[in-house]
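Scroll down for the structure; my scribbles are underneath it.
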Amino acid sequence: MGRQVIGLDSGQIQKAIRSNGAFVIKASEMQQIINHSVINYKAFFRWLYASIMRLMEEQVPSDIQKMTQQNLSCIAEFLQHFDNYGSGYRKGSTFIMERIGQYMVDSDLTIKPDMTGNEWTQLLEENQCLKMHEGILQHYLDKSLIQVFNEMKKNVEGVFETPTEKISQQLTPIGKFLGMSIQPNLPKPTSFNTSSNTVLMATQSSSRSIYLFDVGFGADSNCQIRCGNIFFTDHALYESNFDDAFKVVDAKFYSSSILSVLLQDTSRPDVSLIVQLLLVPLLKQLKEIDTSININEQSITQIDSRLFGQDIMKYLDMPVSAFSVSGSRRVCIVLGETKRKIKLYEMECEEDEEEDTEMTSMVKDESMQDSYSMASGE
């Protein structure tokens with residue numbers, strides 16, 4: 001009864017669960033293809049290296065000469081059908097180089113997995129009533145990973161469409177204030193930090209600064225809003241040697257007392273910076289604003305970031321697009337500009353583990369997209 005009140009539909013929920021299962025199955029299928037391709041690539045390039053050495057009349061290392069009959073069959077199959085590369089799946093062809101890239105495009109697979117001999121697949125094909133049962137997860141052999149993901153995303157979003165409308169109808173605003181004019185094509189990162197009677201909000205006001213709002217609620221449900229504009233330039237971060245100003249990329253609350261800001265150096269795209277700003281002194285600089293007037297038309301207090309964060313910084317050697325922080329876990333995750341690279345940093349070190357206070361990087365880059373690029377030969 002409760003789920004009907006907020007608009008949840010059991011049929012839509014079951015559909016979302018099944019699409020999630022289908023995505024997991026398709027991801028596992030792709031992982032198996034990757035593992036199989038790695039084995040085949042290794043055999044092919046070992047044979048190719050040995051052939052080059054023989055043509056150069058040089059001695060071939062003994063470990064390179066070792067080749068199983070199965071590897072030789074795979075290599076011979078590939079060379080025999082080299083001119084038909086990418087023409088589609090042909091039964092018996094066990095060494096096709098391009099199998100992984102097709103999973104990362106929004107179109108049907110051209111080389112479908114061979115499920116011959118799979119007992120579970122045979123059972124489902126022989127019993128259609130079992131195959132179509134809502135408790136059985138579907139394996140879409142002809143669909144790519146992107147297609148299955150898009151279907152899963154649509155079904156999950158469909159679960160919350162009606163609840164969003166019904167819950168919104170039950171909410172009554174207790175206060176409002178006029179918005180602000182933001183430059184076109186400007187990223188709009190917004191982060192919230194709430195307590196019992198206060199909401200802190202950080203949102204980007206320009207490419208060089210962010211607004212910090214302190215929204216307080218009184219007993220009569222009236223809200224009082226204080227605001228300040230925190231700016232970041234090369235002059236503010238004077239310890240660096242950069243000639244131009246920094247661009248604000250993202251802002252998040254690291255904890256209830258620290259605001260983290262991700263900056264990109266405009267003169268050196270491969271250099272970025274994480275600045276930690278202490279909120280206690282920042283909040284003292286905020287001034288109350290008139291909620292009936294557009295923020296851009298008011299005189300907002302300008303706050304120099306160097307007064308609150310110059311000693312708490314982390315330099316990154318990569319262009320960035322977004323980040324996420326967690327004060328409870330003491331970590332920061334940074335997403336690269338191309339969204340193919342992720343770095344995880346430890347933000348605070350124990351005294352017995354680190355002698356200085358510099359934040360250190362702990363985990364090396366990981367990227368599923370990079371693996372795809374290498375496999376598809378981009």
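Residue positions begin at 1 at the first shown residue.
Placement of Cβ uses the backbone N, Cα and C atoms for every residue, glycine included.
Because TrEMBL annotations are produced automatically, they should be read as predictions rather than curated entries.
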The annotated region 'Disordered' range in TrEMBL, which must be one of 183-210, 351-378: 351-378
Per-region confidence, the domain 'Anaphase-promoting complex subunit 4 long' (4-58) (mean pLDDT, whole number): 84
DSSP-assigned states of the domain 'Anaphase-promoting complex subunit 4 long' (4-58) in counts, ordered helix, strand, coil: 48 helix, 0 strand, 7 coil
Residues in the domain 'Anaphase-promoting complex subunit 4 C-terminal half WD40' (229-346) grouped by DSSP into helix, strand and remaining coil: 14 helix, 56 strand, 48 coil
